[in-house]
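I'd like to ask some things about the structure below.
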């Protein structure tokens, strides 16, 4: 059987750069390799935006070297060619420098791209746009869904418009806030404390602050603006049960278990998610969460229904994870946010559902191909007379 | 070409010394490995060279010899004026790695000669110390199951007596002598595992430990490559019977060869019982093994953490011996309750994802494989995985043994069979195909790759057996 060539793109100019490295390896590259059905090309984007492709990077231990950035500097950067598909160009000796006049430059045609980037310039739709231009199937949500989901405020606006319950919120940009700070503070004053102040484009709880009273609000906004130029302030739910639902699929969707993070600190922060507990190096650890969540079957059903509605409203495909807030006092369920590339794909949850890492990854690759094939059937161009009718000098 | 050049890499010397150490400085085993190996740079995969005075001496001597040979070759090139100096230089440089092997063989022979009087002294001293020891001695011989039997005896008898047994795989005269040296003198029972590698080994060990009770756990193809024929293996193991003359031995009745050669009066043990003890209602699960032991009015409700019904026979032997040594049934029951899986012998481990791995990597014999498959096939409503690189030292029985494993895997309806590419696993695949295996076969080049892949292939509730692990000298 011919192996499919899959490029896994990770790293990038994002606050979640290191998380992306973990996701790319555990479980994506490890599972692609374990299946034996794929030729895996890791494409790593440095924090500075340099692109490298070298199979030594298929091993996570490469990135555990303290000097891996220096090692990379000694390598040649990869070039990309968009030629009705995507090709990697791995530079060898330039023709003029080769004693035999023979260039050892190598081209690798990519069958499917597996984006494994979190946050800006990757999960936010930028990379997806690039891959659409390249006409190559890619795993996960498409450009529009990724861009909407990346903006927590925009997501809430879209969901609200479609009747999906979300907690009351206020959003503003940095320039807007600087111009009309009091007006936004007045709007915020109408919200009930405690509040959460978040940069709208960042995940993994980076730059997020829980504010218990007015005192800490401005400082929290300042912290959030340190990471982003758009900030969301939303009501926190007291007596809260936080749950999350990983979903995969295109036309038909499959759910993993409803999972409940077991908060150790005041809110579920970066360290809880990626660094706490666990010894297997699985990236995402089971100790911090309860799978399946011990919520009532009625609530679990509501979570799944809202999850699917959210997934479809945003136009998600491939994979996403929808986070929920359950108010224990009122039993109300709110959609909190959508993550189009869940950290480590929430493989720990899928495994408990009976889907192995290899099965999950293989399914995601076929969903990518399915969506790509469906798109190829659409008409994107049509013949028009417009050029002939335009006034001005005619081509002879 | 790359493989050929690996003989000229500086690491070549270390690889040779590592392999001599792994082969316990046995010339025959070392040479077998040497002629089979292609790439000498990928040798230390599972373990690495342990720096002992002996290995360091070999390492330094090896580099010195190689240095001398190359200096000699270059010296010829520089000093000699005749035209033959070029081919002579090339020839010396080419054969240097092979001359080094000859040198090491000489060194091994020399060290063996030096060791003989030293080892003799150690043995005499150990024999003298043991003669003065009042402890009751139990000796275990067999192609397989010796360590499990030793650990079961140690645990069950330990519930009522002070028991000592050599640790790890101390089953050679030197290993056992070193254990004897460590004895305090107040031990009531001593349990010895007798290792058989060559004819006469068991006889020699019997003379050393002078056992009061003997147990033969079975005879099969393990170490067949060393013995040449199963008849030779059987004869060597039954040297224990020769030592006991007309006194009875415990013999594993579930092993056909051992049973066939049992003498009248020997005590056959099996999952049906041992001696006067009968087994009733035996059940095995992933939690352990439950059964009732009955001996006339005496009853023991046995609950062991050991996995598999094949453990019932050895546990019954331990109960029978314990009873004969005056340990109460309550203590025997407690002892059985304390038995738990030993390291790398059907040892269950559950990971954070809920996957249960049964580590049976120290079990590399056909009877052990059958027992594991019987247990694995008894587990219902789980996905069952079986990962193996096959068995080593099966000699002329290689094809038969591995095809049988394939057939049994198919008959046991194991869901996924993970095979490591080598000279024997295609035979397992052939056996699987012959029996119309319906599950999935997965291949990996190296066991380490398979181990790394497993967490990505398995899900909660899966049961994975890791059967046997090839040390570097067989890879």
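In case you wondered, yes, glycine gets a Cβ from its N, Cα and C as well.
Annotation source TrEMBL lists active site at A:16, A:204, A:344. The ATP binding site feature in TrEMBL is assigned to A:152, A:196-198, A:204-205, A:234-242, A:336-337. Residues annotated as domain 'ATP-grasp' in TrEMBL: A:156-369. Residues annotated as Mg(2+) 1 binding site in TrEMBL: A:323, A:337. Residues or ranges marked as Mg(2+) 2 binding site in TrEMBL: A:337, A:339.
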According to DSSP, does residue A:16 (active site) fall in a helix, a strand, or coil?
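For residue A:16 (active site) - judged by DSSP and reduced to three states - the answer is coil.
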Looking at the recorded positions A:16, A:323, A:337, A:339, A:344, which has the shortest Cα distance to residue A:240 (ATP binding site)?
A:323
Report the nearest neighbour of residue A:344 (active site) in space among the binding-site residues A:234, A:237, A:323, comparing Cα positions.
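Checked the binding-site residues A:234, A:237, A:323; minimum Cα distance to residue A:344 (active site) goes to A:323.
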Please tell me which one of the recorded positions listed here (A:16, A:152, A:198) sits closest to residue A:339 (Mg(2+) 2 binding site), measuring Cα to Cα?
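Considering only the listed recorded positions, the nearest one is A:152.
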Sorry to bug you, but what's the C-alpha spacing from residue A:337 (Mg(2+) 1 binding site) to residue A:152 (ATP binding site), rounded to the closest Å?
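One finds 6 Å between the Cα atoms of these residues.
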May I ask you to report the DSSP-based helix, strand or coil state of residue A:337 (Mg(2+) 1 binding site)?
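SS state of residue A:337 (Mg(2+) 1 binding site) = strand.
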DSSP three-state call for residue A:237 (ATP binding site): helix, strand or coil?
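Its secondary structure by DSSP: coil.
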Taking the Cβ of each of the recorded positions and counting other Cβ atoms inside 10 Å, which one has the highest number: A:336, A:339, A:344?
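Output for this query is A:344.
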Near residue A:237 (ATP binding site), which residues of its chain come within a Cβ-Cβ distance under 8 Å, counting only those 6 or more away in sequence?
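In sequence order, the residues whose Cβ lies under 8 Å from that of residue A:237 (ATP binding site) (at least 6 apart) are A:167, A:325, A:326, A:327, A:334.
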Compared by Cα position, which of the recorded positions A:16, A:323, A:337 is the closest one to residue A:234 (ATP binding site)?
A:337
Which state, by DSSP, holds residue A:152 (ATP binding site): helix, strand or coil?
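DSSP call for residue A:152 (ATP binding site): helix.
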Using all protein chains in view, find how many other C-beta atoms are within 10 Å of the C-beta of residue A:198 (ATP binding site).
27
Of A:16, A:323, A:337, which is closest to residue A:198 (ATP binding site) if I measure between C-alpha atoms? They're all recorded positions.
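Nearest candidate: A:337.
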Look up residue A:323 (Mg(2+) 1 binding site) in the DSSP assignment and report helix, strand or coil.
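SS state of residue A:323 (Mg(2+) 1 binding site) = strand.
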Which one of the binding-site residues (A:240, A:323, A:337) has its C-beta surrounded by the most other C-beta atoms within 10 angstroms?
A:337
